[in-house]
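What Swiss-Prot lists as Zn(2+) binding site is C16, C19, C31, C35. What Swiss-Prot records for 1-24 is region 'Disordered'.
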Amino acid sequence: MNSDSKITPLRPKRPCPECGKPSARDTFPFCSARCKDIDLNRWLKGAYVIKARDDEEEPDADEPK
């Protein structure tokens, strides 16, 4: 009996967010290192932005806490 037949996947396969191909275990949630790098490059270039709430004020560095 082959021991590989008893191995279950860690997570269900989902489509790659970049190209739609099935994801790979070693580059999850992407299908390849290429798609993973494309996504990282978009984050580094600022193409993706997580908006902050407008009512949040940043504390001044000069003010004591």
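Using the three backbone atoms N, Cα and C, a Cβ is placed for every residue, glycine included.
Most Cβ neighbours within 10 Å among the binding-site residues C19, C31: this distinction goes to C31. For C16 (Zn(2+) binding site), applying a Cβ distance below 8 Å and a minimum sequence separation of six or more within one chain yields P22, S23, P29, F30, C31, S32, C35. Just so you know, the Cβ of C35 (Zn(2+) binding site) picks up 20 other Cβ atoms within 10 Å once every protein chain is counted. Of the chain residues outside the Zn(2+) site list C16, C19, C31, C35, P15, P17, E18, G20, K21, S23, F30, S32, R34 have their Cβ within 8 Å of the site's Cβ mean position.
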